[in-house]
Amino acid sequence: MKFVDEALIKVEAGKGGNGCLSFRREKFIPRGGPDGGDGGDGGSIYFEASSDLNTLIDFRYTRQYKAENGQSGMGGNCTGKKGDDLTIKVPVGTMVYDADTGELLADISQPGIPVLIAQGGFHGLGNTRYKSSVNRSPRQTTPGSPGESRNLRLELRVLADVGLLGLPNAGKSTLIRAVSSSKAKVADYPFTTLHPGLGVVRVSPYKSFVMADIPGLIEGAAQGAGLGHRFLKHLSRTCVLLHVIDIAPLDGSDPVADAKAILNELTQYNPDLLNKPRWLVLNKIDMLPDEKEREEKIQSIIKGLEWKDKVFSISAIESKGTQELCYALMQLIDEMKESEA
């Protein structure tokens with residue numbers, strides 16, 4: 001399915017029903033009092049997260065949503081029917097912004113919990129409400145108020161425990177395929193991944209975490225170059241970042257320079273991302289079969305980056321070192337979630 005992570009829509013809550021102007025007219029009761037009923041409230045609009053959705057594609061085709069109006073009141077003190085509420089299903093992780101003001105209205109991350117986005121209009125009052133000792137036959141009513149209308153910008157941020165970042169062709173898609181049931185597209189050219197892919201990594205029957213394959217970044221991504229600009233935001237929700245580096249690039253580029261380019265993009269986009277746990281994953285060790293040469297390459301990269309955190313050497317395509325990496329990730333994620341509890 002095509003991944004769509006932004007959409008613009010308009011929502012309009014229902015208008016409240018008008019109050020009724022009516023008087024009781026029955027045989028032998030020539031001067032019956034007022035009996036105009038109130039209108040019904042307009043329907044409100046709610047957003048609710050659904051685990052069955054993973055894209056905002058539907059909002060590209062349906063851009064306007066309107067809840068039902070409340071019905072007007074009737075004689076005999078009959079209240080108008082309330083307008084039905086409209087509940088709009090969105091993927092887990094959807095951020096709802098007011099498109100006109102930029103205000104964040106809701107961060108919808110819990111499935112099954114409706115979040116009010118547009119309040120329905122208040123019902124109008126019938127003339128019965130205005131009866132008093134000095135006004136036995138009021139002809140005053142009030143109309144229902146209009147419902148809230150908003151222009152919204154929806155933004156979907158991937159909810160994942162682990163985010164993979166690295167240059168195109170660093171082997172991120174291969175890694176996520178190797179450790180999960182994800183069917184990420186893999187080919188020998190840049191930008192194979194055109195949208196964030198999620199994979200569930202199961203380390204035991206009862207323990208798992210979600211890994212996000214963020215599209216490859218290039219220098220200038222923070223300013224919109226390549227595919228990185230619109231996907232860097234997905235890293236903000238992860239617990240830990242895996243910096244995947246091709247240890248033996250076919251184009252002869254310097255892995256240290258490549259890694260520094262990615263770190264520079266993170267710093268420019270959001271320096272807070274550098275405060276997250278970041279582990280170095282040196283991929284494609286199978287391309288350096290000589291053990292001495294491989295170890296020298298690994299140490300030169302670690303020294304060149306002045307890397308202080310954990311380092312893992314793996315071959316995603318041969319699943320070497322991936323199990324150790326997944327167990328370490330699961331342990332870290334468990335510890336982080338326990339500390340937050």
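The backbone N, Cα and C atoms fix where each Cβ goes, glycine too.
Database features, via Swiss-Prot:
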BINDING   166-173, 191-195, 213-216, 283-286, 315-317  GTP binding site
BINDING   Ser173, Thr193  Mg(2+) binding site
COMPBIAS  129-144  compositional bias 'Polar residues'
DOMAIN    1-159  domain 'Obg'
REGION    128-150  region 'Disordered'
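The binding-site residues Lys172, Lys284 differ in how many other CB atoms lie within 10 Å of their CB, and the one with the most is Lys172. Remark: secondary structure over the region 'Disordered' (128-150) totals 3 helix, 2 strand, 18 coil, with classes taken from DSSP. Separating the Cα atoms of Ser315 (GTP binding site) and Ser173 (Mg(2+) binding site) is a whole-number distance of 12 Å. Rounded to a whole number, the C-alpha distance linking Ser173 (Mg(2+) binding site) with Gly166 (GTP binding site) is 11 angstrom. In the three-state DSSP reading, Ser315 (GTP binding site) counts as strand. The domain 'Obg' (1-159) scores a mean pLDDT of 90 in the predicted structure.
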